Ligand code: CAA
């Protein structure tokens with residue numbers, strides 16, 4: 001059977017960010033607590049006319065140009081920031097992107113993990129019909145209460161991944177390791193806009209799930225720790241990946257130095273440090289970060305992935321970078337988008353943070369809104385969300 005995996009990967013984040021130095025100043029905290037202690041520098045803040053749909057459409061737009069969208073047989077949308085209890089957010093994206101009408105669309109939820117479920121389902125669908133493409137989108141806005149330890153780990157972003165046969169970026173191995181346990185480490189009841197989290201406990205459960213998923217992976221796969229050149233972890237904040245990688249190295253009694261271990265993950269962290277947590281999208285933005293920022297050719301290298309969703313469901317899987325992957329990336333577009341973002345003051349951050357959820361009757365002044373994405377939320381009329389393409 002031909003290989004299946006990632007053919008293209010593109011991401012989007014809002015053009016607004018708060019520098020965590022600003023937050024530290026207001027809180028009278030040492031900025032190094034954020035810059036060093038949790039390893040985060042900036043966090044993206046969605047504008048009033050942005051939501052998971054607009055971010056998703058903006059992320060996926062480059063993947064469906066020149067008729068490429070015609071071959072998309074399924075659109076799998078992963079999120080934990082759902083905008084409707086019934087209708088899948090992907091249906092709006094399908095229209096905004098002009099995808100063909102013979103398309104299967106569904107939304108998936110399990111905290112930050114569900115994009116990985118979507119990827120595995122997409123691989124299975126493509127293995128059955130290799131001439132088809134499956135578009136996986138993960139899109140989220142991470143929100144915690146003000147003046148809580150989680151506040152500095154907010155962010156927003158979407159990633160779009162095209163899964164195909166004979167992929168040009170990453171061939172995904174069929175072996176996986178899974179772990180699930182009913183725990184209350186992070187959750188968001190329907191009546192809340194912000195997540196509830198038992199922060200320290202969540203980091204412990206993350207590490208436990210990593211060990212368990214890895215052990216299960218090892219039962220299925222012949223690849224050992226030493227076979228991987230790099231590792232992508234779920235990134236609630238970048239220091240979490242550093243802790244996770246040291247933990248995995250210890251579980252495997254690795255003799256690699258601290259510096260060598262750091263080199264295996266450091267390029268995966270660059271984008272997330274300045275975007276913040278994007279929940280379902282974060283590990284895959286980490287993959288884009290590695291592929292686009294690593295100075296050496298990664299062709300043929302095997303990468304390990306640890307996907308974690310609080311609650312909890314976790315998965316370890318692996319993939320091999322395809323020769324010539326560099327030609328299929330959107331490196332300059334991504335870097336330009338990140339460079340052109342606008343820093344907000346603390347007052348502007350509060351304004352964005354405290355904006356009420358869009359309500360029926362709202363109309364957004366698109367021209368004056370200031371966000372940069374091609375797709376925007378323009379109004380809610382008769383309880384129906386309206387989107388426009390600029
Ligand atoms: N200079 C350098 N480092 C400093 C410092 C300073 N001035 N001040 C503090 N630090 C260090 C601390 O020593 C600590 O380091 P270690 O973790 O290595 O001990 C680190 O900064 C964090 O400081 P605190 O221990 O005081 O922790 P905190 O109260 O800031 O909370 C947190 C940290 C619990 C992770 C909090 O940010 C949080 O609740 N975040 C949201 C939950 C989360 O992201 N959980 C991750 C696992 S769950 C998951 O992955 C799903 C998901 O997406 C949410």
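Placed from the backbone N, Cα and C atoms, the Cβ positions cover glycine too.
The active site, proton donor/acceptor feature in TrEMBL is assigned to 80 (among others). Of all the Cβ atoms in the protein chains shown, 26 others lie within 10 Å of the Cβ of residue 80 (active site, proton donor/acceptor).
Annotation comment: TrEMBL describes 112 as active site, acyl-thioester intermediate. Every protein chain shown contributes to the tally, and the Cβ of residue 112 (active site, acyl-thioester intermediate) ends up with 30 other Cβ atoms within 10 Å.
Annotated active site, proton donor/acceptor per TrEMBL: 234 (among others), in sequence order. Sequence-distant neighbours of residue 234 (active site, proton donor/acceptor) (same chain, six or more apart, CB under 8 Å from its CB) are 112, 113, 206, 240, 241, 282, 283, 306, 307, 308, 309, listed in sequence order.
Neighbours of residue 144 ((3S)-3-hydroxy-3-methylglutaryl-CoA binding site), defined as other CB atoms within 10 A of its CB across all chains, total 20. The (3S)-3-hydroxy-3-methylglutaryl-CoA binding site annotation in TrEMBL covers 30, 144, 243, 277.
Annotation comment: TrEMBL describes 3-166 as domain 'Hydroxymethylglutaryl-coenzyme A synthase N-terminal'.
The DSSP breakdown of the domain 'Hydroxymethylglutaryl-coenzyme A synthase C-terminal' (177-248), given as helix, strand and coil counts, is 36 helix, 12 strand, 24 coil. Taken from TrEMBL, the feature domain 'Hydroxymethylglutaryl-coenzyme A synthase C-terminal' applies to 177-248 (among others).
Summarising the annotation, TrEMBL assigns domain 'Hydroxymethylglutaryl-coenzyme A synthase C-terminal' to 255-351 (among others).
The separation of residue 80 (active site, proton donor/acceptor) from residue 277 ((3S)-3-hydroxy-3-methylglutaryl-CoA binding site), Cα to Cα, is 12 Å. Comparing the binding-site residues 30, 243 on other C-beta atoms within 10 angstroms of each C-beta gives the minimum for 30. Reduced to three states, the DSSP call for residue 112 (active site, acyl-thioester intermediate) is strand. In this view, residue 277 ((3S)-3-hydroxy-3-methylglutaryl-CoA binding site) is surrounded by 30 other Cβ atoms within 10 Å of its Cβ, with every protein chain counted. Rounded to a whole number, the C-alpha distance linking residue 243 ((3S)-3-hydroxy-3-methylglutaryl-CoA binding site) with residue 80 (active site, proton donor/acceptor) is 25 angstrom.
You'll find the Cα of residue 144 ((3S)-3-hydroxy-3-methylglutaryl-CoA binding site) roughly 13 Å from the Cα of residue 80 (active site, proton donor/acceptor). Proximity of the recorded positions 30, 80, 112, 243 to ligand 1, judged by a Cβ distance under 6 angstroms to any of its atoms, singles out 30, 112 in sequence order.
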